[in-house]
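**Q** Per TrEMBL, the features are:
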{"type": "DOMAIN", "residues": "73-540", "note": "domain 'Amidase'"}
{"type": "ACT_SITE", "residues": "K119", "note": "active site, charge relay system"}
{"type": "BINDING", "residues": "L168, S194, V215, G216, G217, S218", "note": "substrate binding site"}
{"type": "ACT_SITE", "residues": "S194", "note": "active site, charge relay system"}
{"type": "ACT_SITE", "residues": "S218", "note": "active site, acyl-ester intermediate"}
Amino acid sequence: LLLRWRRRRALWRKVALAQERQERSLVRMEAAAQRFREQHPSVNPVSILSLPLPELSRKLRDGSLPPDHVFYAYVGKALQIATETNCITEFLQESESQLRRVKLMERQGLLYGVPVSIKDSIDCQGHDSTLGFIKCLNKPAAEDSVVVQVLKRQGAIPFVKTNVPQSLISYDCNNLLFGQTRNPLLYTRSPGGSSGGEGALVGGGGSILGIGTDVGGSLRFPAAFCGICAIKPTGNRLSKRGVMSGIVGQKAVAAAVGPMAKDVESLALCLRALLCEDMFSLDSTVPPLPFNQEVYSSTKPLRVGYYETDFFTMPSPAMRRAVRETKQLLEEAGHTLVPFELTNVDHVVFNYCVRGMFTDGGRSFVKNFKGELEKGGTALFLWLAKAPHWLKTLLCWISKPFVRSISFYLSQQLWDSTSTPLTTSTFPPQDFRHQFIAQWNKLNLDVMLCPMLGPAFGIGYPAKLSVAVSYTMLYNALDFPAGVVPVTLVTDEDEEQLKGYKGYYQDWWDRTLPKAFGGGVGMPVAVQCVALPWQEELCLRFMKEVETL
């Protein structure tokens, strides 16, 4: 007991030091912003912060806007949003040195002089990628991840790292090291996750471009919850070298690196910059597919599949209305809308998504938490993973009438990787993927319009409602590019209709969902735009059409 007490005290000391380092980062940001204001009192940061990324980039490259004016305008705004939402974990102090080097460079690179925020789990040389774990403290990355290297070669200036949930396997944003990140639109709401720090910072205007990752909706949840845009590309369209994973080695559910910004044009500019020779030479596993501007710029009418529900997680009234209104606008603009029927989503979620993520019975995931002080929202999962089979069988029998398919969570099939061999022919689920594409091709679709979970849940609810990832995780299992665009706000009528929310199973999850949705009047609601693998440009083109309409 004494040894355990001493070890825990040492761990708490590490947590305190991490929090002190975070505080020092914010102090340095404040000092840097204040120093610049004193030296350049005539610079108006408001006018700089109001510029969309494409216009800001043009002004930086043509020399009409100095890089230091832009950089310190965003440092000051980022500090304000960090104070309000707790979204920044570390200021990259070398960004000031990089700024000085950028000023001496020729004005080239599509992102010349643009400050960019980076998710905690993406390596930046000399800085920790903690994933919210104590064990990852004081282990600075030896080199930049490939995506950060390419950003720098394109003239961008990574300037902060942002908060994540512990282990990344959550769509909230809370960990013991840095605490809870709040939604910039309503502080009692979650910003989403796992790229929640990015969502809060970009949504609050403290960053014009953020880079995050997505393994079940981790870019799309924060974007939808914070009222911004994001795209999850096909898993290997952008390099993942130097990007840390919450479950090392799993490939069944495709993770992806992607951008977050206020508008679709900014996302397109970012992908145009990243999909270059530098990306392909630094990571030869990335297919050399440059950005296809012709596809993105096309005005050809689209054939759009759509659905309002996946018949697993009942959509909120605002979610359903968002799809219906977007469908109507698309039809009025000359596009063809075709109903698409999803089937067996419960089977897909549990057999392909959940089981695919934990193909080793959850062993490697559980191992991540060994020696940690807190298990976050995963405590029940970790306990179940360690529980004997007879106890899981008993709990399965008891809980089956109350929570949908809970028997799958508890079954030996999930927790014992030896019960059914998990081979590359089983995961990724290629048969399911081919069937889905066959249905898509039979309807001759270009793209798909889908619901996106919203409005933002109250803080704490994502941990209780893992079931709600069904709308997003489907496209990680399929490895399709998927983006989100905010299209409406929750109305009083939506809130009134929520009183009649029953769900499809009337279980504990369905009784909890309306509480999570409730009280969201005025909060943004997005739709999800999907294309076939490797068609990011078409996905963005569709997102742009939705945004414009």
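Using N, Cα and C of the backbone, Cβ positions are placed for all residues, glycine too.
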**Q** Could you tell me the mean pLDDT over the domain 'Amidase' (73-540), as a whole number?
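**A** Across the domain 'Amidase' (73-540), the average pLDDT comes out at 91.
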**Q** Quick one: pull the CA-CA distance for S194 (substrate binding site) versus K119 (active site, charge relay system), whole Å only.
**A** 9
**Q** Taking the center of the Cβ atoms of L168, S194, V215, G216, G217, S218 at the recorded substrate site, which other residues in this chain have a Cβ no more than 8 Å from that point?
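**A** For the substrate site, the extra neighbours are I169, S170, Y171, G193, S195, T213, D214, L219, F221, G246, A255.
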**Q** On a count of neighbouring CB atoms within 10 A, which of the binding-site residues G216, G217 is highest?
**A** G217
**Q** Whose Cβ, among the binding-site residues S194, S218, has more other Cβ atoms within 10 Å than any of the rest?
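**A** Per the Cβ count, the most surrounded site is S218.
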**Q** What are the sequence-distant neighbours of V215 (substrate binding site), meaning same chain, six or more residues apart, C-beta distance under 8 angstroms?
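**A** Long-range Cβ contacts: L168, I169, S194, S245, G246, V253, A254, A255, A256, M357, N476.
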**Q** Near K119 (active site, charge relay system), which residues of its chain come within a Cβ-Cβ distance under 8 Å, counting only those 6 or more away in sequence?
**A** K161, T162, V164, S194, S195, G197, E198, G210, I211, G212, T213
